[in-house]
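> Okay, these came from TrEMBL:
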REPEAT    1-94  repeat 'Solcar'
REPEAT    98-191  repeat 'Solcar'
REPEAT    201-292  repeat 'Solcar'
TRANSMEM  203-224  transmembrane segment
TRANSMEM  267-286  transmembrane segment
Amino acid sequence: VPPATDLVLGATAGCLACFLTNPLEVVKTRLQLQGELQPPGTYARPYRGVLRAVGAVCRADGLAGLQKGLAAGLLYQALMNGFRFYCYSLAEDAGWTGYPGGTVAAGAVAGAVGAFVGSPAYLVKTHLQAQTVSAMAVGHQHNHENITEAFRSIYRQHGVVGLWRGVTGAIPRVTVGSAVQLATFASAKDWVCERQWFRRGSWLAVLAGGMVSSVAVAVAMTPFDVISTRLYNQPVDADGTGKLYRGFLDCIVQISSKEGLLGLYKGIGAVYFRLGPHTVLSLFFWDKLRNM
């Protein structure tokens, strides 16, 4: 498949997977913003665990609340996954993935490119998914009416640069996640089949491989995911400077010192349960679209 075709197919696959996994993305965002820069045990916890958080979102925002930020999420997946698969396909065509460590390196670079291109959409997605009624609010509330108004408001106040605020957290997040995902998914799927849990080639083997792979991805990626969510959602001054964090490293230091090291793993349950199906669905749709 030509790389340009992979761009379209990767974008389509990412959007199809996003539609099904967006509710867990909403839950993950709320869990990661809960108790921001507050010591454990000193704040109210409207969201407790994945399943109870799903119920809390439904009570506060209705069933439709589980699909908050969907339009921005679809735009992000189209841009990020489109360019990620495009760059990875270029690396495959060039033969780079055949070298030792080439798959990991290609996945990391492809992820970094995708994260940069999709960063404005992820910024808006985070703002919209964090918004809720005051009694259940966690993190800063930006109060955008919709995706269009959000882009206009950010651009009006902070220009083009403002649309890429938080990208310093997004690039490490997707770079690490993409490298680990692409490096472990195939081997995890083979491992499941070797133990004869499922027959080779079945969709259950693909799903099981994705869930096994997602353990490694969730552990490696969650700290970067928390940092990324915090940097994107924090309030800013008139000049676009963050009021809570000065940047990537400052965010790590502040979370670790005020919330403890476990603060960097907030929402890991939602991250894991989202990553497994999302990995399987995006790669499954991508593979099937390529075959077509």
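Including glycine, each Cβ sits where the backbone N, Cα and C put it.
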> Mind checking which residues reach the transmembrane segment (203-224)? Cβ under 8 Å, same chain, six or more beyond either end.
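169, 172-173, 176-177, 180-181, 184-186, 188-193, 197, 252, 264-268, 271-272, 275-277, 279-280, 283-284.
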> On the DSSP side of things, how many residues of the repeat 'Solcar' (98-191) fall into helix, strand and coil, could you say?
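Output for the repeat 'Solcar' (98-191) reads 75 helix, 0 strand, 19 coil.
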> What mean pLDDT score does the repeat 'Solcar' (1-94) have in the model?
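Mean pLDDT, the repeat 'Solcar' (1-94): 92.
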